[in-house]
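Notes follow once the structure below has been shown.
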Amino acid sequence: YKLSVAPEMDIMEYCRKEWRGNTPVAKRMRKGYEAVAQKFASIRRVRGDNYCALRATLFQALSQATQLPGWLQSEDFTMLPEKLLSKYDWIKQWQLKQKLGRKMGEISDEIKEYLILLRKKWKNISEIKGPIEKQEACDKLFKNEEEEYSLYEALKFLMLNTAIELYNDDKNGRKVPVFSWLLFARDTSSNPYQLMHNHLNPIGHSGGLEQVEMFLLAYALQYTIQVYRLYKYSTDEFITLYPNDPEEDWPVVTLITEDDRHYNIPVRMCQETML
């Protein structure tokens, strides 16, 4: 088994290993890690393929889940692929994970399976009471490639659904968050079809999440994603929230990045910050 999320390691030990030199960049990174170490004791490295933002976010969400989010409980949650495909024929161009001998027309069934798996795993893990057992269940899930990658497909599809809702809200004159304008202001994603084709389909294959898509992920999951952006240390962007005006009742997950491309996860909150 390849573990997608490495075992925990002391944050400052990790930092010393990674950033030895005396360049301005190394000094800034060390300062950044020192600041993170005020709050968290350890770091877990996340496998660096193009899924790492989804992997880090989902791992953190599951490892602290105590209940199934409301949107995962709704009856019609698993009907989403059928519902969207009946309105938007272009979703047939969704790029599923590589499987041999897939026939066209199975796409909604396949995505439905991924959504059902997401609900099942989230429910099972959230019901585990002991923190050690919960962590073991998460580690086990993130060792199972078939299931793990199916969950990322589910997340990508939820991001598409959220993008379609925001796009339609804006067209119908309803208020949308600022990032939604930015999302559709790009030449490469002026509408949901282009977003799917140029940005969501490549995730995990040829590209990861851009910053504006971190907002979309946060909205799709109804989670606040708090990121320590180490290369921004000593600026007001050092700790960035997606979205930056989060809903009060959204749970928060915390990630670390050195470059806005690869994400790792801090674990074990230091005692004093928990109080």
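Here the Cβ of each residue, glycine as well, is placed from N, Cα and C on the backbone.
Any TrEMBL annotation is an automated prediction that lacks curation.
Features as listed in TrEMBL:
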ACT_SITE  Asp49  active site
ACT_SITE  Cys52  active site, nucleophile
ACT_SITE  His262  active site
SITE      Glu237  site 'Linear diubiquitin binding'
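There are 11 other CB atoms within 10 A of the CB of Glu237 (site 'Linear diubiquitin binding'), with all protein chains counted. On the backbone, the CA of Asp49 (active site) and the CA of Glu237 (site 'Linear diubiquitin binding') stand 25 Å apart. All protein chains included, His262 (active site) registers 18 other Cβ atoms within 10 Å of its own Cβ. With a cut-off of 8 Å between CB atoms and residues at least 6 apart in sequence, the same chain places Val46, Gly208, His262, Tyr263 near Cys52 (active site, nucleophile), listed in sequence order.
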